[in-house]
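J.: Straight out of Swiss-Prot:
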type	residues	note
LIPID	2	N-myristoyl glycine
LIPID	3	S-palmitoyl cysteine
REGION	35-48	region 'G1 motif'
BINDING	40-47, 176-182, 201-205, 270-273, 326	GTP binding site
BINDING	47, 182	Mg(2+) binding site
REGION	174-182	region 'G2 motif'
REGION	197-206	region 'G3 motif'
REGION	266-273	region 'G4 motif'
REGION	324-329	region 'G5 motif'
């Protein structure tokens with residue numbers, strides 16, 4: 001006797017196959033929509049990563065962007081010099097030449113008049129160059145871990161002639177080096193490897209953290225940024241707390257959060273270039289008194305990585321770690337390519353498609 005299906009059964013089977021097909025398509029679509037959350041303490045390089053995504057995966061900066069960053073470069077440069085000048089008496093450092101007092105007054109006056117976003121006058125530019133060349137100012141700069149100073153200070157102050165030119169226009173690297181405190185949430189959309197990325201950058205300072213909470217839903221992966229070079233520095237918001245210890249505490253709370261049980265965690269140990277320079281002269285024991293290794297990049301970097309990985313209490317969750325230099329476009333392009341491959345594999349696995 002035959003097993004012919006009734007019209008109803010055929011329709012039910014067709015519906016079932018269509019539902020299966022739809023579910024698979026939905027799964028594939030879900031695997032294509034990637035939501036990334038950039039986390040990390042203040043000044044760990046998150047905003048620079050966002051800028052790099054614009055360069056690498058969008059069309060880069062617009063003419064309007066270049067124009068808007070010009071006053072930011074002026075301000076970052078003069079504010080960095082002022083931070084050094086203000087730190088000098090606190091550290092008991094004097095100018096090599098007393099005439100620099102007059103130059104310093106000119107710089108302070110510009111800040112007081114809130115003209116730090118204006119192009120440098122010839123007199124101001126000359127004063128800034130004399131100050132930056134002063135051995136007392138250089139000595140104070142060499143102790144910048146003892147006060148708050150932008151990472152980009154040397155980059156800009158070493159290039160005062162270019163920045164002070166009448167026809168100065170910021171370069172891509174200038175924009176990457178600028179520092180503007182992130183408040184609220186910055187969102188960037190781009191496509192890469194047939195995936196649709198939404199990248200969220202949230203303010204890293206303590207006062208901003210409460211705003212992260214509603215970004216957490218449906219996150220595919222977290223990129224957690226740590227400034228490796230800040231092992232001997234304290235927080236802006238609390239000058240008794242070591243910056244790297246704060247990052248470790250924050251990483252612990254994110255990595256082991258019940259909301260992120262199934263979320264890939266990617267650790268960017270950032271500012272490797274600054275760390276490589278600093279580790280030669282500033283001991284890692286400032287942050288990790290128990291460290292007994294060499295004061296050299298490879299061993300010290302591996303130790304820092306191990307400290308972060310040790311915070312992971314899960315036996316199933318893997319931490320994907322990369323040493324990065326957020327201002328180096330080639331480095332970030334290479335790292336993000338590797339990160340994307342991990343996300344694709346994990347995401348397809350999560351959808352039962354891998």
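Cβ atoms here come from the backbone N, Cα and C positions, even for glycine.
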J.: Per DSSP, to which secondary structure element type does residue 44 (GTP binding site) belong, with helix, strand and coil as the options?
T.: coil
J.: Which of these binding-site residues has the least crowded Cβ, counting other Cβ atoms within 10 Å: 47, 182?
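T.: Comparing Cβ neighbour counts within 10 Å for the binding-site residues 47, 182 gives 182.
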J.: What residue among the binding-site residues 176, 180, 202, 326 has the most other CB atoms lying within 10 A of its CB?
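T.: Within the set of binding-site residues, the most crowded position is 326.
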J.: Just checking the binding-site residues 176, 180, 270: which sit within 10 A of residue 47 (Mg(2+) binding site), CA to CA?
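T.: Passing the 10 Å Cα cut: 176, 180.
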J.: Sort out the residues at least 6 away from either end of the region 'G1 motif' (35-48), same chain, that have Cβ-Cβ distances under 8 Å to it, and list them.
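T.: Residues 151, 176, 179-182, 186, 197-206, 208, 212, 215-216, 218-227, 230, 235-237, 243, 246-247, 250, 254, 268, 270-271, 324, 326-327 contact the region 'G1 motif' (35-48) from elsewhere in the chain.
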J.: Counting by DSSP secondary structure, give me helix, strand and coil numbers for the region 'G2 motif' (174-182).
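T.: DSSP classes over the region 'G2 motif' (174-182) add up to 4 helix, 0 strand, 5 coil.
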J.: In Å, rounded, how far does the Cα of residue 270 (GTP binding site) sit from the Cα of residue 182 (Mg(2+) binding site)?
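T.: Here the two Cα atoms are 18 Å apart.
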J.: Three states by DSSP: which one describes residue 202 (GTP binding site)?
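T.: The residue in question, residue 202 (GTP binding site), is strand (DSSP, three-state).
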J.: For the region 'G3 motif' (197-206), what's the model's average pLDDT?
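T.: Averaged over the region 'G3 motif' (197-206), the predicted model reaches a pLDDT of 77.
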J.: For the region 'G5 motif' (324-329), DSSP counts of helix, strand and coil?
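T.: Tallied per class, the region 'G5 motif' (324-329) gives 1 helix, 0 strand, 5 coil.
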J.: What count of other C-beta atoms do you get within 10 angstroms of the C-beta of residue 270 (GTP binding site), across all chains shown?
T.: 28
